[in-house]
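> Quick one: this structure, given as structure tokens, is what I'll be asking you about.
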């Protein structure tokens, strides 16, 4: 057993990213990204604002189309795995006119309520099932969004800074919850985050994107559960931060977003 593969069922999707490129007009945002992500691995993607990390996640989610390169789930196109993929954003995106359990079961047909309650129980909110979203805190709303993803039994979970707006304590609690559920279910995770300490605390591997390219690919070979504030975690965090801070600090342009309609399967 290694730090990268805790004892759990590995049912995640293996990903291959080959020479991935994305251009918006005259601006090249991604410049030949190459990655291999084994099934069930937890990968954190960090980098300065505008470096291309959110664009990478959007391409994996099918929200934008690459200009060049390949996205594969195993040996098949990643588009074949869309039903097994879920995306969580920084905002929970709950429908305020639907009760919590109905938000979890959004879009489902048949007898889904028992599954929705089970998903809410997994995130500690089964007792709030019949309340309205307005009654929840920000962290609780993100738990509901996570339950909405879990009910579909995803094999690939994409997280676009879902904890960015939470207070420090709630953020740590959500990190621990996501880590526990990942260990239980074995899905592949890609987390985009600005928080390097978060990345090294919960990921198997930290990818640093620099100006649209992979600048650092760092394995986090530490046993779980990890001790926050430990010397070894601090050393890894410093290694990543030193690389980020060694780059020129010019104000970046925001990453473009394609205006074209897409087939979005967010945490729904």
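Yeah, the Cβs are placed from backbone N, Cα and C, and that goes for glycine too.
Relevant sequence annotations retrieved from Swiss-Prot are reproduced here:
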type	residues	note
DOMAIN	15-236	domain 'ABC transporter'
BINDING	47, 48, 49, 50, 51, 52, 53, 54	ATP binding site
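I'd like these features described in context: how deep, what's nearby, how far apart.
All chains included, 21 other C-beta atoms sit within 10 angstroms of the C-beta of residue 54 (ATP binding site).
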> Could you tally the C-beta atoms, other than its own, that fall within 10 angstroms of the C-beta of residue 49 (ATP binding site)?
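By my count, 12.
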> Just going by other Cβ atoms within 10 Å, which of the binding-site residues 48, 53 has the emptiest spot?
48
